[in-house]
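Peer 1: The domain 'G-protein coupled receptors family 1 profile' annotation in TrEMBL covers 43-294. Residues or ranges marked as transmembrane segment by TrEMBL: 25-50, 62-80, 100-122, 143-165, 198-227, 239-260, 272-294.
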């Protein structure tokens, strides 16, 4: 994993408080977080295993789904283990390079998740609106270009956050009222002007994600126009059925993400305890739910999961 090196004049360790106001309940709060995290790790690992070994799942849609699973693992693993160490062992200290590294991977995986959902929407658009050209448009070479492109875009968007923090002097408190490091939360501890941090840290990622949402909306508008012109009801239901799991994941990802971001930027009347709790749920709930949604709603994956566990039970 990348670790960001910093110069000698950067500050010593920071202290992560956890969830302010609920310190006495940290031990108990950690239990559901741990359970959900285990579900997220196991679910996404099973998904990655099935997609890698089953030739019938070697399609563009499932390649993007495997990217989503890997990114979800990064998102949850970048935050939850440290959160649990705070809850259960009181390990609140985190070094400045460690804080920068955690912040980078949390923000990077968020922006990359959004880009992957956009790529999956494009995949559904081509599959439904141009089914005869699907194999010629989404060739392996094209898919690799899309994967590299969205990964590099996300990297370039988030990397400046690291350098914007390393330029700041921290001469006041080093106590972060959170369970993990995030850009604006750390920047607000600095004893210097952080205007550029606020505007870059808020506007650039949000405008990027909004552009993804707009492209997803355009894709699904075109998909719906195509679906409603299909001759039979069965054909319409089948076409919409292939999009159901993707739409569920889109709503699970963007709804809490926008709420959390806007509450952090403008919600001065929102309780800090509520905001921190919600932010923690965001990094574990979608990664845990995404493989479940795809396992339930996608026939190919559902059948392979049932086959996998039925074989395991027979062998046992």
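Keep in mind that glycine also has a Cβ here, set from the backbone N, Cα and C atoms.
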Peer 1: Grab the same-chain neighbours of the transmembrane segment (62-80) for me: Cβ-Cβ under 8 Å, and only residues 6 or more beyond its ends, written as numbers and ranges.
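Peer 2: For the transmembrane segment (62-80), the far contacts come to 33-34, 37, 40-41, 44-45, 47-48, 51-52, 102, 105-106, 108-110, 112-113, 116-117, 119-120, 123, 143, 147, 179-180, 249, 280, 283-284, 286-288, 290-291, 294, 300.
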Peer 1: Report, as numbers and ranges, every residue of the chain located at least six residues beyond the transmembrane segment (198-227) whose Cβ falls under 8 Å of a Cβ in that stretch; write 'none' if there are none.
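Peer 2: For the transmembrane segment (198-227), the nonlocal Cβ contacts are 107, 110-111, 114-115, 117-118, 121-122, 124-125, 128-129, 153, 157-158, 160-161, 164, 183-184, 187, 236, 239-240, 243, 247, 250, 254, 257, 261, 265.
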Peer 1: Mind checking which residues of the chain, 6+ beyond the ends of the transmembrane segment (272-294), have their Cβ under 8 Å from one of its Cβ atoms?
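Peer 2: Same-chain contacts beyond the ends: 19-22, 33, 36-37, 39-40, 43-44, 46-47, 65, 68-69, 72-73, 75-76, 78-80, 83, 106, 113, 177-180, 182, 245, 248-249, 252-253, 256-257, 259-260, 263-264, 301.
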Peer 1: Could you please provide the mean pLDDT value for the domain 'G-protein coupled receptors family 1 profile' (43-294)?
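Peer 2: The predicted confidence over the domain 'G-protein coupled receptors family 1 profile' (43-294), as a mean pLDDT, is 88.
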